[in-house]
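Copied from TrEMBL, the annotated features are:
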TRANSMEM  B:21-39  transmembrane segment
TRANSMEM  B:51-69  transmembrane segment
TRANSMEM  B:76-97  transmembrane segment
TRANSMEM  B:103-124  transmembrane segment
TRANSMEM  B:136-155  transmembrane segment
TRANSMEM  B:175-199  transmembrane segment
TRANSMEM  B:230-248  transmembrane segment
TRANSMEM  B:260-277  transmembrane segment
TRANSMEM  B:284-301  transmembrane segment
TRANSMEM  B:307-326  transmembrane segment
């Protein structure tokens, strides 16, 4: 750091802020400040209180005790996002854009420029174009939001914030769904905003990125402030250890070798469909097979086709030697294949329901006794799953939507395992979950494989693929580019295949 | 310490839940008290049986609607469907008199046809929504018009009347009692119990709720979404046919005005009962109470001169709006508690 600004220069600060929901305390006397022109990252495990802190800083929650200071004077922030008028903008993880409206309409939504009761469209368009140029985003103000990529949508949110003269920009996991290239573009805009004096709070689980973009980093654990340090004095490892409070050397479990003569349990031959072309591979019993590639390379589509979620246009699937072109998810499940979606919130779990109906939904036919649902058996299954997968919920009657991402992921895993599959396909097993839970998920996967279950891991996080898988298949534009085994699994090789610089001869 | 807190929280939650589910029951109780105060004859045995019998039509249809709405759909065609089924039933029975006489056989033939027609009509609605991928609102708006015009066409713009002798045979189904309760009330009870069991105790009921909550999650959870959704419309169709079977002997006729606005009354009963209109949460018990509340309002207005009977619709409308306002308020509260 070239200069270390004094505390008085903070735009927004929380002083010994505590917050309880009902009788459950979630934040204990935390202090946090944001200075103009800096990126201050906030990290911690799921449930550490990050969301509560940023919601308190932006007025969505009222602190139970403690003070919020704006420009050094104590303020009571207005609720429901009205703090935007004070220049404090929170960008939620779930983007808040009207999908069917244009960029321009979204940016000015709720405060449209008018002249004599008529919208001044030309003026708004010019202004939006100015903002877009300022952040270097090359899209038309007239584009519909639904036609944009996630990264572009993210940028539109930021443009929206700038147009509101944001002085403090709080972003909750903005890069969670971005590819590495998109993240790079995104960070470029963040740096530009920083130069303009905007204070930025960055919440993320990706510690490498935190290290790259931040000036300072604050670590929370179990609702308590652990440390605030300059980013250049921290390594990602040190951050992880402070978040978890213990050594994380064994993030990845030791790898069990697959029996050399293990049976092939799944064979895919020349599979084609929407977004995939001529995909072939084999999966052996007890094997952990990684699927790597850029987002949109067709990895998810392959397994959606195998599991009967999207139609197969061409090609064949064999499970344990039997032809198995499933027309429905139920048939795939009954043959022992289960697919865990990467989209927990919209495809994985019923957010408005409790844990029990969610847990048993996938294998509900097993809980039917003489036409009736056996609720006692469901309750037993829930207790077992909570123990086995270490699901922590404040109380079991809580809606799944109110649980942390890590616990949701564990529940999703438990849900799929109720069907006792022989083949489990896990799409982005650790998206949006903290380091501690990640480690647990990795150990579950390894334990499954050790029991003889075959696991497919689709992941965009390279260390995960490298640390976990026996074999890796790399896809690009709907095709299999190559397959790597053992010592050949490394980042450089994967990137070479994923970028299309190298391709194996089709077997 | 922490156990104590979870315990008290659980208690608070369950108590709040009770108030919410008990709402329709309380409302019905209040209506009964008002009815009694206005005219003690309201609670006479004769009036109560009459009230229950009248509520049976809407009640039975509304139980079917509970399934459709819980699974995230809507069926606007039920009133017209009832009219069309009634019309076809009468035509079939009248023309069967020559072959089978005016005895029970002909009536049974009519009832059988009614169930088949209800099943078929529901299947059409279901398949058009799922396989045809058209919004349920549009599909059933279309079939609503079709069924309504069919009955007008069959009746040639007038009224279809049941053969006089057949009426005598069929009459007991509406007017007779069994163990002190009129037959339509028995039908209502049986359909209610079956509906409650199906929605709350079977995998099918759980699937309906899951689909109404989030169709994508249901699909990824190996649920045959199209089949389950179609089945809810079939259940609705069969419920309509059962309601029609007990309705036809009441007047012995069908015309283009038969069953007008029944679809709205059925949906209203479902909503008053606490089922969420956009799906994902359904209550059969609430629906039954909803149907009773709607009928009771009309009944009370018949008993008093204070409010004109013509304002029946106004009172029903007010009740629907107030009921939903109360439900929303408590939903909001529970949300603040948990986040």
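Here the Cβ of each residue, glycine as well, is placed from N, Cα and C on the backbone.
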(message) Quick check: do the transmembrane segment (B:175-199) and the transmembrane segment (B:51-69) share at least 3 Cβ pairs under 8 Å, counting only pairs 6+ apart in sequence?
(response) yes
(request) Could you name the stretch, out of B:51-69, B:76-97, B:103-124, B:230-248, B:307-326, with the greatest number of CB pairs under 8 A to the transmembrane segment (B:284-301)? (result) B:51-69
(request) Could you pull out which residues elsewhere in the chain have a CB under 8 Å from any CB of the transmembrane segment (B:51-69), counting only those six or more residues past its ends? (result) 75, 78, 82, 136, 174, 181-182, 184-185, 187-188, 191-192, 195, 198-199, 208, 212, 232-233, 235-240, 242-243, 246-247, 262, 265-267, 269-270, 273, 275-277, 279, 282-284, 287-288, 290-292, 294-296, 298-299
(message) Against the transmembrane segment (B:260-277), which of these stretches has the most C-beta pairs under 8 Å: B:76-97, B:103-124, B:230-248, B:307-326?
(response) B:76-97
(message) Give the nonlocal contacts of the transmembrane segment (B:230-248) in its own chain as ranges (CB under 8 Å, at least six residues past its ends).
(response) 56-58, 60-61, 63-65, 67-68, 70-71, 73, 75, 78, 81-82, 85-86, 89-90, 110-111, 114-115, 117-123, 125-127, 129-130, 162, 170, 173-174, 183-184, 187, 191, 198, 204, 208, 254, 259
